[in-house]
There are 4 protein chains.
Amino acid sequence: MKSIGVFTSGGDAPGMNACIRSVVRTGLSLGLDVYGIKYGYNGMIDGDIYKMKSYSVSNIVQRGGTILKSARSKEFMTKEGRAKAYEQLTKRGIEGLVAIGGDGTFTGANIFHEEFGIPIVGAPGTIDNDLYGSDYTIGFDTAVNTALDAIDKIRDTANSHDRVFFIEVMGRHSGYIAIQSGIGGGAELVVVPETSITMEDVINTLKEGRDKQKTSSIVVVAEGGDQGDAHQIASHVIKELPDLDIRVSTLGHIQRGGSPTSYDRILSSRLGMAAVEGLINGEKNVMVGVINDKITYTSFKLAISKAKPINQELMRLVEILSI
Amino acid sequence: MKSIGVFTSGGDAPGMNACIRSVVRTGLSLGLDVYGIKYGYNGMIDGDIYKMKSYSVSNIVQRGGTILKSARSKEFMTKEGRAKAYEQLTKRGIEGLVAIGGDGTFTGANIFHEEFGIPIVGAPGTIDNDLYGSDYTIGFDTAVNTALDAIDKIRDTANSHDRVFFIEVMGRHSGYIAIQSGIGGGAELVVVPETSITMEDVINTLKEGRDKQKTSSIVVVAEGGDQGDAHQIASHVIKELPDLDIRVSTLGHIQRGGSPTSYDRILSSRLGMAAVEGLINGEKNVMVGVINDKITYTSFKLAISKAKPINQELMRLVEILSI
Amino acid sequence: MKSIGVFTSGGDAPGMNACIRSVVRTGLSLGLDVYGIKYGYNGMIDGDIYKMKSYSVSNIVQRGGTILKSARSKEFMTKEGRAKAYEQLTKRGIEGLVAIGGDGTFTGANIFHEEFGIPIVGAPGTIDNDLYGSDYTIGFDTAVNTALDAIDKIRDTANSHDRVFFIEVMGRHSGYIAIQSGIGGGAELVVVPETSITMEDVINTLKEGRDKQKTSSIVVVAEGGDQGDAHQIASHVIKELPDLDIRVSTLGHIQRGGSPTSYDRILSSRLGMAAVEGLINGEKNVMVGVINDKITYTSFKLAISKAKPINQELMRLVEILSI
Amino acid sequence: MKSIGVFTSGGDAPGMNACIRSVVRTGLSLGLDVYGIKYGYNGMIDGDIYKMKSYSVSNIVQRGGTILKSARSKEFMTKEGRAKAYEQLTKRGIEGLVAIGGDGTFTGANIFHEEFGIPIVGAPGTIDNDLYGSDYTIGFDTAVNTALDAIDKIRDTANSHDRVFFIEVMGRHSGYIAIQSGIGGGAELVVVPETSITMEDVINTLKEGRDKQKTSSIVVVAEGGDQGDAHQIASHVIKELPDLDIRVSTLGHIQRGGSPTSYDRILSSRLGMAAVEGLINGEKNVMVGVINDKITYTSFKLAISKAKPINQELMRLVEILSI
């Protein structure tokens, strides 16, 4: 292999730039040419591709977002689109790809590989931490710390006014951000898709708190839960517990941005290096991950389809710490 | 005067603790007894009042929220409520008050003073910066920096995906937070109550940007504008410019919390000292402020009723910088 | 066991408060009495001990430092001192201890246990991450992120002026902070006790960088290396490469403070819970840790004496990423 | 005037990029060509000059450092050097300059103007806030907040261990950073060049604190004081008060970097706009500043030579708040 390409796709995540940097410099140090493909699969189809040098990735390790830009591509979902993309790659002699993204990205990569045989190694870039095959994904630690910082700020207000706050964090199919920011933020309760917590449980916990003279409470809600979003849960609770002073805050897009934490920069750098080394060593249709501090490769299929369970010890922690 | 009380009321603002600390230590250094009154006017009525020492305010200068807690009081709006409050004060020999809060707080203080003659000096504590008689209010600088930090994060995502973001910041009657965070955040447009910006202007600006190949844009919206909130404005724009990838983010309560900035800690400390010195020197129905770096006292009536105009130079800056 | 005590000892670390909170609430939830012992072994000797309630640890999960204070105790190094300490504990019916600290703390705990038989479980609280028996220690992740934030700031200046900066971080016997903040901070070189890097290597790396027109460089130095501190290394380099514009910055005590990161809050909470559960389950002379995301107990002796090697993959990363 | 140049010179300061951005976009909006001159006067001499577009300054408002780089120039101190520089400007038709920097920068600008008649407007870019003619300078607010953040972190440790910390902040001839970060950081004492505080005062204050059972103290020291640096002062104090547990921390270069605060971004933007508008309106040998929220122009000579006094009210605040 003499030439590889790297791109980011799907929702951006802090650490993607650190990963790009690592892919580029690892590739160069191994004597490869490294091409940057902009706007994900769209740029691959359109030939928005340029040769990267070591200085192309100077001074980006600390930046949120992605210098290669990201996009979702409808055209790549068609066979014609993928054929065009493949042509753009072969034209430049690109023989392998590093795809930084989430399950959508890897679904596309899987099909692309099956159709055209080009080796692809994925690096898990998503704040949701919902991919099997890596303990953590690029951007998750930063997103949790951003959420935590917001919760700390909101608690200042909650305490000052004796209020109950429902705080909605990201995580469409996964409660990882909610659980971790809930423990770190001293939440009384965490509502996540992974548990069978009911509206009654929420109401009972808050009622108990009130009866114990707890003056303020934080409930962290993952966006994708069965009980609805934070506004919906709050409006139920207001009906049952009208004496509580209840507020809702949805943290939203701030969770996707910002300078990556140390953890995310190192994870991203490790994954970038291991993705390139994997390509060189013959890996071809896999996602690279870190499990128990060791580099591992998991097939795209497994990475996308298999559920990653939440550590039950953390669920127990929430309960104990909120007494 | 031998004994004074201090309380916080209305929405909390970062710096209130620094102000309380300054009131307490200035009072003690002048030989006064200083009482802390909890939960604003409610605590005054209920006698939730305690004598404060120098160490009562140790290690709080950097904390958001208010250690004296805050509340809105319906009972204080009645003559009976105010009579009870006055009795609680006289019982303890409290002869003067420092009220830290916003227009609601000062409206109450004004009536209280008129009815019972007790000298009150207010310190402007509100993130909205909507009080006449002080260039800036306690918490404003922190709120702007918090909003700015959020905008910086969101721009990472906006840039990575070539999106247009409508970001709603606080400020019900005042566009101060929007203007300042908009300039600092490099916004293409700022929608505030103080200007006559129309939906057409918003659409035209974004259309021009699109035509100039601007790939991403930030529009900062103050919550209290005539054009509706950020969601409403965005949904209008989506209809007119369906090719833009538009997102909305409402920053919400995070703007009220957090450790105060240097500016807010110093402003709060100055106002606290000047409030106590004002009381000692015979000020009685006024809000203390800092105008052009000098301490000033403005009657509550004027502080509440008179509009504080936005520096027109700043409006011009937004326009020039977004080309 | 009906009654336990908890204390912090040695250098403070962000997350100690989160750990105390977890110990207290886990203890209470199991029906135990929990006593807080102030100022480490000194307070144990002096009887500076109080019963803690759930609210004693409200609103501290996000605070740096330790509400129980910390100290080094000479008296506890004597048999008489330890006898006094034991008496203070038995007087109150305290039957087990959770000791939050580093190797000095656990050395004392080990002797104390051997002499008096009181069960003690230690929780690893040190920013240096130099204890065997836990992948990470309380405060390490926060310290790295603080160092990283400082490096990011210094790089702004290094870039603007084309300078070489030697940045000294904490870590007397361990290069963990240096390695991680070096990778995250995009350092050209990391000088740590664990490697046999020589002055010549440092000079050669910088010379190569200069010859490749690298305009600015960051060298991260762990305080405890064989090559001397950052100032000493820098002064050697200046002699050999007088055309470089070299500066030195020692980050110092800021690395010990600040609000703990998400990682540290969760780790601290898990360790606190597991320490109490360990005591209840008969653990007695051990440090609790998290290895590969699982709770483990390691004898104090091993925890103190055995070296924890640095992941060699990380050393390789530094080299590759700095090309 | 059809064409202007902009450069940064001397020590970098957060906000310089925001100022460059404002100069460029104001210039373009007025129909001017705007040239960026790299590395200050050195780049002017060497012709390291390029035409800037609106997008040249995209996404930099939030970045520390300066994209135009900075340097000190020995050659510009010679007449020959300045002649070369002038030639480079005239060759490109550059008819006016915006110089962003401190007193060294303006001293050079003053001579340059006198010799060659080219109109120059300076924008005060220095974290020290030591220029007459502007209430605040670019980078000062950010530097104070960075120092404050560090002091907050150090106080966590000081409190946990009952220590006295001497913290040295920047400010060679000016105590502005020390005073403001001292007030905001709750310091017991601030040692600045502007006051006649003696070693005895320092010792007495700490002795009093100790006698009042103050368990920890912060002393903020400006680097340029008559009493020596923080290490020197501390070593005197240790001799006199050997029972205190004293530590020293020098904050150093972190104070120069980092993302600018809201205040600095707005100040920088205003000054950049006013600098260009000043040039257009015939200003020629002046520094632009903001005094009492209004744009003003002060001759370089006055700006450099006249002392800016520290608000005495702030000195009084330190004393009162530390009781």
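Start at 1 and count along the chain as shown; that gives each residue its number.
Including glycine, each Cβ sits where the backbone N, Cα and C put it.
All annotation found in TrEMBL is predicted automatically rather than curated by experts.
Binding site for ATP per TrEMBL: C:Arg72, C:Ser73, C:Gly102, C:Asp103, C:Gly104, C:Thr105, plus C:Gly11 from the candidate set C:Gly11, C:Gly15, C:Gly27.
Of the listed candidates (C:Arg82, C:Arg155, C:Arg256), TrEMBL assigns C:Arg155 to the same ADP site as C:Arg21, C:Ser22, C:Val23, C:Val24, C:Arg25, C:Gly186, C:Ala187, C:Glu188, C:Lys212, C:Lys214, C:Thr215, C:Ser216. For the substrate site, TrEMBL records C:Thr126, C:Ile127, C:Asp128, C:Arg163, C:Met170, C:Gly171, C:Arg172, C:Arg247, C:His253, C:Ile254, C:Gln255, C:Arg256, and the single candidate of C:Glu95, C:Glu200, C:Glu223, C:Glu283 listed with them is C:Glu223.
Summarising model confidence by region, the domain 'Phosphofructokinase' (C:4-278) averages a pLDDT of 95. Candidates C:Gly102, C:Met170, C:Arg172, C:Arg247 (binding-site residues) were compared with C:Asp128 (active site, proton acceptor); those inside 10 Å Cα-Cα are C:Gly102, C:Met170, C:Arg172. Less than 8 angstroms from a Cβ of chain D: among the binding-site residues C:Arg25, C:Arg247, C:Ile254, that describes C:Arg247, C:Ile254. Annotation: C:Thr126 are the binding-site residues among C:Arg21, C:Val23, C:Arg25, C:Thr126, C:Glu188, C:Ser216 whose CA atoms are within 10 angstroms of the CA of C:Asp103 (ATP binding site). With every protein chain in view, the residue among the binding-site residues C:Ser73, C:Thr105, C:Thr126 whose Cβ has the most Cβ partners within 10 Å turns out to be C:Thr105. Nearest by CA distance to C:Gly11 (ATP binding site), out of the binding-site residues C:Arg25, C:Thr126, C:Met170, C:Gly186, C:Arg247, is C:Thr126. Listed binding-site residues (C:Val23, C:Gly104, C:Arg256) with a CB under 8 Å from any chain A CB: none.
A simple Cβ count within 10 Å picks out one of the binding-site residues C:Gly102, C:Gly104 as the most packed, and that one is C:Gly102. DSSP assigns C:Arg247 (substrate binding site) to a strand in the three-state reduction.
Of the listed binding-site residues C:Lys214, C:Arg256, the Cβ environment within 10 Å is emptiest of other Cβ atoms at C:Lys214. Secondary structure from DSSP puts C:Arg256 (substrate binding site) in a helix.
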